Structures are given as C-alpha cells and as structure tokens.
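Visitor: Structure in structure tokens, see below.
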C-alpha cells in the first residue's frame with residue numbers, strides 16, 4: 001500500500017498520462033499515415049532522400065534549440081513554486097538563445113551542404129538546404145510546446161504537438177508529392193507545420209502567462225543569476241540532445257552514404273515503425289518530467305521513486321506490446337509501405353526486440369536530466385554515439401541494413417544501462433527487478449506465445465497478426481487485472497471510476 005501522497009501522485013499521473021497517451025496514439029497513427037504517403041508516392045529512392053533530409057533537420061534542430069525545451073521543463077515548474085512572475089523572463093531567455101543559435105547553425109549547414117553531398121546527390125543536397133531553413137521555427141515550436149506542459153497545460157500541449165502537427169503533415173506532403181513530385185518539395189511540406197504551430201503555441205503561452213502573473217507582468221528578461229542557471233543546465237543538455245538525435249538518425253544517413261538512397265529508404269521505413277512506438281515513452285515523459293523536477297526540488301525522494309516505478313511499469317505495459325507484434329509480424333507492417341519495403345523485415349524485428357528490452361529501464365533518462373545531471377546525460381550520449389558510428393561503419397558494409405539495426409539496438413540498451421547506473425548512484429533510486437520484469441513477462445507471454453502458435457499454423461500474415469492481437473489482448477487484460485495491485489494500475493482504475 002502506498003502513502004496518501006503517493007496515491008495522489010499516481011492518480012495525477014494516470015489522468016495526465018491518459019490524455020497524453022491518446023495524443024501519442026493519434027500522433028503514432030498519423031505518423032504511420034505520413035510514412036505510407038511518402039513511401040507510396042515517392043518509392044524507396046525518394047523516401048530515402050526525404051528520410052535523410054529530415055534526419056539532418058532533426059540533428060541540427062537538436063543543437064539549435066540549445067536544450068531550452070528541457071530547460072523549460074526543468075526550470076518553469078520550480079519558478080511556479082518559488083516566484084511565478086519570473087516565468088516570462090526565463091522563457092524569453094530560452095527563446096532568444098535558441099533563435100540565435102538556430103540562425104547560426106542554418107548558415108553553417110547551408111555553407112557545408114555542397115561539400116558534404118556534392119553534385120552527385122543533387123536532390124538530397126537541395127532537400128537539405130531547403131528544410132534547414134525551418135530549423136529556427138522548429139526550435140521555437142519545441143520550446144513553446146515544452147513550456148505548455150511545464151506550466152501544466154497538458155491539454156494544449158497534446159493538441160498542438162501530438163495532434164495538430166501530425167494532422168497537417170500528411171495532406172501537405174501528399175499535395176507536394178502529387179503536384180511537384182520531388183523530394184525537395186516533400187521535405188519542405190514536412191517542415192511547414194512546425195512554423196504554423198509555433199505561432200499557435202506562442203499565443204497559448206501568452207494567455208497562460210497572463211493567468212500566472214495575475215495582471216502584473218514580470219520582467220521581460222531575467223537577471224544575471226537566472227541566465228547563469230539557464231546556461232549551466234542547457235549546455236550539457238544541448239550536447240546530450242544533439243547526440244541523442246545523432247544516434248537516432250546517423251544510421252539512416254550512414255546507410256545512405258555507405259549503401260544507397262534506396263537502402264536508406266528501406267531502412268528508414270523500418271525505423272519509422274520503431275520511432276512511432278517511442279511515442280508511448282514520450283506520452284509518459286510529458287507528465288513525469290515536470291513532476292520529477294518539482295519533487296526533486298522539494299527533496300521528496302520517496303515520492304520520486306514511487307513515481308518512477310509506477311511510470312516504468314506503465315511504460316512496459318503500454319509500449320512493449322507493439323514491439324512484440326513488430327518483431328513477429330514485421331513483413332505485415334512493412335508491406336503497408338510497398339512490396340519493396342519488406343526487404344527490411346529482419347532489420348525491423350531486430351530493432352523491435354532492442355526497444356522492448358530498452359523499455360525495462362523506464363523513464364530513466366527523464367529522471368537523470370530532471371535531477372540536474374545533464375552533464376552525465378551528455379557523457380552517456382557521447383559514448384553511445386561513438387559506439388553507434390563505429391558499429392555502423394563496421395557492420396553496414398558486411399551485413400547491410402541488418403547490421404545498422406544491430407548497432408542501433410545495442411546502443412539503445414547501452415544508453416539505458418548507463419543512465420540506470422547513474423540514477424542508482426546519485427539518487428539512490430533502486431527499484432526491484434521484479435517491478436519491471438513482471439510487466440515485461442506479462443506482455444511477452446501474452447502476445448509472444450499466441451504469435452508463435454499462429455505463425456506456425458497460418459504463417460506471417462495479416463490474419464495471423466489480427467488473431468494474435470485478439471488472443472493476446474484477452475490474455476494481456478486478464479493478467480493485468482489479476483496482478484493489478486503489483487502493477488500499480490490503481491491510478492488508472494480510480495481515474496476511470498471517477499469519470500463515470
């Protein structure tokens with residue numbers, strides 16, 4: 001039995017997570033639609049160019065925002081507790097830094113792009129040069145949307161970030177692909193919604209600030225001590241975020257470089273399914289990151305551990321089923337993108353197994369960062385990136401996209417292991433092994449056993465997958481109900497009963 005405060009935390013987590021999860025599911029579904037639109041209309045070669053261009057965009061933007069989205073999530077909840085009138089100045093400082101760095105990085109990429117890609121890959125070159133122009137808009141959007149959830153506006157965050165942007169992308173991309181037919185136009189269409197929703201998020205933030213300040217606006221910019229605090233937190237986080245995006249995207253870029261745009265398209269299509277599954281992790285992170293920051297600031301270590309264990313259990317329960325299905329039925333999923341994409345089936349299965357194992361660490365990265373140890377997070381990412389690049393350079397020439405998948409899966413596990421060790425040392429948070437293994441085994445047995453039986457009888461088919469979902473879902477729900485107390489599902493059930 002938990003304490004009263006732990007029960008309150010669990011119920012608040014459940015309510016926020018339910019909304020965030022709905023938004024993430026919506027975003028994941030629309031992400032699948034977007035991937036299908038790109039691959040079906042452009043084929044593997046064109047899709048490979050778009051995936052590489054958006055990968056460059058993601059890496060550059062991760063550095064351009066200079067860690068100010070995480071800084072907002074870390075700092076703003078604390079200012080709400082200590083001095084709400086300081087929120088405006090801190091947020092303006094974050095935006096100013098990100099815009100400045102964004103403009104500088106755009107100029108650098110525009111100058112280096114011809115040297116990096118040259119005349120041999122003209123369409124990729126032009127796609128990169130076009131899409132990076134939207135980096136400052138993307139950085140502002142990420143900071144403003146992160147600030148919405150940091151200030152408690154989870155509904156607005158979900159609507160703007162998880163619904164509006166994903167809703168806008170497929171039709172804009174489809175129009176660009178049909179009307180123009182080039183990867184350059186599609187890359188630009190992919191980025192346009194970020195600029196549009198940055199304006200919307202800004203208006204929502206202004207409305208929120210008026211409520212917080214109660215009619216007495218705070219200073220436009222903070223004092224020197226606050227600038228120092230922002231810089232101290234953001235510098236290592238910038239490195240960590242940039243390296244994290246590099247880890248996510250470098251394998252696609254290296255596949256394109258070492259193999260071809262066609263291979264990058266096949267591999268990129270496989271990774272899109274895995275990345276969509278990570279939205280479950282993002283849904284919980286939206287809720288727990290501000291709570292981790294506030295609770296750590298108050299020294300409530302027991303509540304932090306209880307919140308971490310609960311969120312980790314839910315992450316495994318909600319996120320792992322998709323990866324079990326992806327691992328067993330990868331050809332079924334990839335066939336949605338086109339027949340040629342089924343060549344990535346083995347790679348997708350490897351990626352899915354790697355992510356399912358990585359989920360055992362829960363929201364460990366959020367906990368490490370919100371404790372103020374961004375330097376350690378950056379060190380972890382640097383180590384993992386070196387291993388990732390080395391692994392890809394060694395494995396891709398010999399094993400192709402399957403080698404890239406092996407390198408990526410091992411690096412994700414390494415990243416989680418490093419963060420887990422550091423949290424154990426610095427915060428003394430040591431959840432028992434059974435807390436994460438129990439939900440993992442429930443998912444794997446509930447869906448894995450039916451999948452094995454079905455595949456042996458009807459093969460790797462859509463009908464077999466649907467039967468696995470049905471049979472596995474029944475076993476899964478029964479197991480969750482039977483072990484509802486140790487799985488900490490009480491927060492979810494209390495939320496449902498309260499809404500009836």
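Each Cβ is built from the backbone N, Cα and C atoms, and glycine gets one as well.
Copying in the features that TrEMBL gives for the protein in this structure:
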TRANSMEM  21-43  transmembrane segment
TRANSMEM  49-68  transmembrane segment
TRANSMEM  89-112  transmembrane segment
TRANSMEM  124-144  transmembrane segment
TRANSMEM  174-206  transmembrane segment
TRANSMEM  306-334  transmembrane segment
TRANSMEM  346-370  transmembrane segment
TRANSMEM  382-400  transmembrane segment
TRANSMEM  406-427  transmembrane segment
TRANSMEM  439-456  transmembrane segment
TRANSMEM  462-483  transmembrane segment
Visitor: Report yes or no: does the transmembrane segment (406-427) come within contact of the transmembrane segment (346-370), defined as 3 or more CB pairs under 8 Å with a sequence separation of 6 or more?
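Guide: Answer yes, regions in contact.
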Visitor: Of the listed stretches (89-112, 124-144, 174-206, 306-334), which one yields the highest count of Cβ-Cβ distances below 8 Å with the transmembrane segment (439-456)?
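Guide: Comparing 89-112, 124-144, 174-206, 306-334: 306-334 has the most Cβ pairs near the transmembrane segment (439-456).
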Visitor: Would you confirm whether the transmembrane segment (21-43) and the transmembrane segment (174-206) meet the contact rule of 3 or more C-beta pairs below 8 angstroms, pairs 6 or more apart in sequence?
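Guide: In contact, yes.
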Visitor: Of the stretches 49-68, 306-334, 382-400, 462-483, which racks up the most C-beta pairs under 8 Å with the transmembrane segment (174-206)?
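Guide: Maximum Cβ contact count belongs to 49-68.
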Visitor: Please tell me whether the transmembrane segment (306-334) and the transmembrane segment (462-483) touch - that is, whether there are at least 3 C-beta pairs under 8 Å between them, with each pair 6 or more apart in sequence.
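Guide: The transmembrane segment (462-483) and the transmembrane segment (306-334): touching, yes.
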Visitor: What parts of the chain pack near the transmembrane segment (346-370), using Cβ distances under 8 Å and only residues at least 6 beyond its ends?
Guide: 70, 73-74, 237, 240, 266-267, 270-271, 273-274, 277-278, 281, 284-285, 288-289, 292-293, 296, 304, 308-309, 311-313, 315-316, 319-320, 323-324, 326-328, 330, 333-334, 376-377, 401-402, 404-406, 408-410, 412-413, 415-417, 419-420, 422-423, 426-427, 429, 436-437, 440, 444
